[in-house]
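One structure follows; several queries about it will come next.
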Amino acid sequence: MTARLGLLLILQIAVSHPENNGVQISPANNPLNVIAGSNLSLACSTTMTCSTPLKYTWRKPAGGDVNNKVLPSMTFEIHKVETNHEGEYICTVICGDKEMMKKVRVQVISFNEPVIQVPEPVKEGIKVNATCTVKNINPDGIQASTVWMLGTQVLRNISHTSDNHFTDTLTIQPKKENHGQHLRCIVTLDVFKKERFVELQVNYAPSKTHISVSTPLVEGNDFVMNCSSDGNPRPKLEWLKKNKPWPANMRRHDGSVSGVLSQRDEGTYECTAKNQQGEQKANVSLVIYYGPKNTSISASPGSDLPEGGSLQLTCKTQSNPEVTQYKWNKLPEATLPQGVLVEGSTLTIHSFQGDHQGIYECEAVHQSGKHDRAYVTVTVTQEERLTQEPASPIIGAVFGSLFGGAAAGGIGGFLLAKLLK
């Protein structure tokens, strides 16, 4: 009697729970979590053999039949899942008068996109609270995690149980290097992720202020000088020439200076970068290469000297850097006569003669390729000739007085001197 009652109980359980392992539902997760808005596809299949065609049906007990197509390996689909699709779904496989079933519980997970809020303005080194808020979470009590990232750096990773909504607060103390980086909030419910980011706008004082100058700095060349700085907000750039008025030939633009170089542009220039957070200065000293100019020749002891005297001509010029190459010529021959010694900017004649008279040219040749010339005329002194010319009549008069008496000798001597001349 006891054995019969046990058998009847087993049969009743089998009839009331016809679900068995002969039916499979894919995906196999149970419960099956699905994120709202996605597509759901459930496939029902069986390993049992049947002499008649198998019949597959799907139903949702809480919502009535959802599908009654008869297909082998029946697939049931929902496009764009909503929260009202939650519940238990049953696939029934019918072979003749035999039925087997498989159940799966579908749980819809839904939550709004995270919202990040960061107070503005964000200033370098000043602490500020950033918040990440998620609303309309379904189901309540689901396990959630929040990850904060700044650029590629993980700032915090926490797990918690969520209600219908939650807000996570993170305190940051940004640096200027964080300007333009993404502050990211990544929220995970079950295996589903949503994330949002904001690009940090960090206000910081000007830094790395730098002046660059085009080269070479040669008088007469076009010139450009640039100033740059990386502050935020973008700094205003101002130019001045320290301790001197601003050169009229230099034009100031936003962050640059341009013009044609002249010698008077030498000096120290200052660029100041300013914004609401502070300012920073940068300086550059300009040395202008020029010349040669104002070239001249000095003669020692002078440009008019007696024969046999010593003459030294020195060529002088203004340039930067100093001229190291000088060329000497005598015009119009464009060559130098015998007895002339040249050493750099100096020309020396130790025994000045008549053929040394003439125009001497000095050419100063600069490293930049520019050159300048100066001229001087040197002659035999005329005073020397005037003192020699009267000597002949006097000598003749002396000789004449010896031959013809005092009066006649004087006249004859004078005539003889004129003849000798």
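Placement of Cβ uses the backbone N, Cα and C atoms for every residue, glycine included.
According to TrEMBL, the record shows the following:
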DOMAIN    18-107  domain 'Ig-like'
DOMAIN    114-188  domain 'Ig-like'
DOMAIN    206-285  domain 'Ig-like'
DOMAIN    292-379  domain 'Ig-like'
SIGNAL    1-18  signal peptide
TRANSMEM  394-417  transmembrane segment
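Neighbours and distances for these, please.
For the domain 'Ig-like' (18-107), the model's pLDDT averages out at 85.
Residue counts for the domain 'Ig-like' (114-188) under DSSP, split into helix (H, G, I), strand (E, B) and coil, are 3 helix, 44 strand, 28 coil.
As a summary of secondary structure, the domain 'Ig-like' (206-285) carries 3 helix, 44 strand, 33 coil according to DSSP.
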Please figure out which one of 18-107, 114-188, 206-285 racks up the most CB pairs under 8 Å against the domain 'Ig-like' (292-379).
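Most Cβ pairs under 8 Å with the domain 'Ig-like' (292-379) come from 206-285.
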What does DSSP give as the helix, strand and coil breakdown of the domain 'Ig-like' (292-379)?
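For the domain 'Ig-like' (292-379), the helix, strand and coil counts are 3 helix, 54 strand, 31 coil.
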